[in-house]
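Enquirer: Here you go, one structure.
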Amino acid sequence: FFQWSATVECHFLNGTERVRFLVRHVYNRQQYVHFDSDVGLFVADTVLGEPSAKLFNSQPDVLEKNRAAVEMLCNYNYEIVAPLTLQRREPKVRIFALQSGSLPQTDRLACYVTGFYPPEIEVKWFQNGQEETERVVSTDVIQNGDWTYQVLVVLEISPRHGDSYVCQVEHTSLQQPITQRWEPPGDVSRSKLLMGVGGFVLGLVYLALGIFFFLCSKKGQPDPTSPGILN
């Protein structure tokens, strides 16, 4: 089984200030000859590539076509692609609690980050304010197919009462990191219960004050049934 392939590359420095065009010829996963616009010729990378380089360089039309690719291919496509590739997209972050079938409680947290561009991103897990690095597993950054990317970062946990977990995301599109917080369900329910009780007690206090001021105002008014002075 033999495999041959060729790749075409455009390298840009400071926009189109300096453009380099490359064509790489690969045989069985080994590059044997390539064209470099900085050189203007085909260059052999192995002994196998020497006859090919000699053949390509002996054909003026082949050389002219590859030399013209800097303008006709690289610069032309740069004007089309640059607005898309230079636009930054902010990531969206969600936390999912995962549970193994044999365990009665959550044992993993997944921080799902998607919709961001460029692909360089940093996702961190914190437990009770301390960064976790030992129990963290991450997928590669994956393309979404619309010039944006996604990544999944999973943290193994043994949740206890009072624990809090935070997923923090840093990206060039953000002025400050995004943080998503997760607490064990018991703690969340307890917090909601305490908030509900607190609100109920506060409501009773306001009700008592309202009744008190109402009664005071009634005492200060004259009784319309009391006998008055006849004029």
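Placement of Cβ uses the backbone N, Cα and C atoms for every residue, glycine included.
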Enquirer: Under Swiss-Prot's annotation, the disulfide partner of Cys167 is which of Cys111, Cys216?
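Expert: So the cysteine that Swiss-Prot bonds to Cys167 would be Cys111.
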Enquirer: Look up region 'Connecting peptide' in Swiss-Prot and report which of 183-194, 195-206 it refers to.
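Expert: That would be 183-194, the stretch labelled region 'Connecting peptide' in Swiss-Prot.
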Enquirer: Name the residue from Cys10, Cys216 that Swiss-Prot records as disulfide-bonded to Cys74.
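Expert: Answer per Swiss-Prot: Cys10.
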Enquirer: Sort the disulfide-bonded residues Cys74, Cys111, Cys167 by C-alpha distance from Asn14 (N-linked glycosylation site) and give me just the closest.
Expert: Cys74
Enquirer: Fewest other CB within 10 angstroms, which one of the disulfide-bonded residues Cys74, Cys111, Cys167?
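Expert: Among the disulfide-bonded residues Cys74, Cys111, Cys167, the lowest count of other Cβ atoms within 10 Å belongs to Cys74.
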Enquirer: What is the average pLDDT across the topological domain 'Extracellular' (1-194)?
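Expert: Within the topological domain 'Extracellular' (1-194), the model's average pLDDT equals 90.
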